[in-house]
Amino acid sequence: MEKSTRTLFITIVITSMLLGFGNSDLAQDREECTNQLIELSTCIPYVGGDAKAPTKDCCAGFGQVIRKSEKCVCILVRDKDDPQLGIKINATLAAHLPSACHITAPNITDCISILHLPRNSTLAKEFENLGRIEDNYNSTSPTQIHKDGTGGGKAEPVKSNGWKEKSWLGVELLIYLLVSLIFF
């Protein structure tokens, strides 16, 4: 029950964040990435620094998002400090997610061109720094993941409650749909 409540809360937070965007570019990003960002909700304990490694569900969702839209991952890292997000995201851990999940993904520095950032902007420099951190990690041997984003690890297995989790997922999706219909 605790996991279902947490997942429901995360879904509501992400939906609220996406509803809060104001200008047209952000509104377009919201529209484009809503479903993909919800698939990443299981990664929040890891990218928030509360879990040693991403879960298998997180890695599966992350892999789907990378295949569908790299831009959405870039948007999430870009907006990590947005107070409307309502959650903390450690950008180093977010950039490390492909390695932690053993997923081939473009370098985080590709976000500079994906998001059309000026090369000399603060945000572009932040993406470049994240890319260097990840390159340095990949050139060293894996160790334990720490809250500060250093080290490495393997995805943690997820215990399943069978149909109970699936029924909560249905409830969460229904709530998301209702909220979307009300506010869109």
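Cβ coordinates come from backbone N, Cα and C, glycine included.
Among the features that Swiss-Prot reports, disulfide bond is placed at Cys33-Cys74, Cys43-Cys58, Cys59-Cys101, Cys72-Cys111. Annotated GPI-anchor amidated serine per Swiss-Prot: Ser160, in sequence order. Annotation comment: Swiss-Prot describes 138-158 as region 'Disordered'. Residues or ranges marked as signal peptide in Swiss-Prot: 1-24.
On the structure: features taken from Swiss-Prot.
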| residue | record | Cβ contacts under 8 Å, 6 or more apart |
| --- | --- | --- |
| Cys43 | disulfide bond | Pro54, Thr55, Cys58, Gly61, Phe62, Leu97 |
| Cys72 | disulfide bond | Glu32, Cys33, Gln36, Leu37, Val65 |
| Cys74 | disulfide bond | Ile108, Asp110, Cys111, Ile114, Leu115, Phe127 |
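Taken residue by residue with DSSP, Cys101 (disulfide bond) is part of neither helix nor strand, so it is coil.
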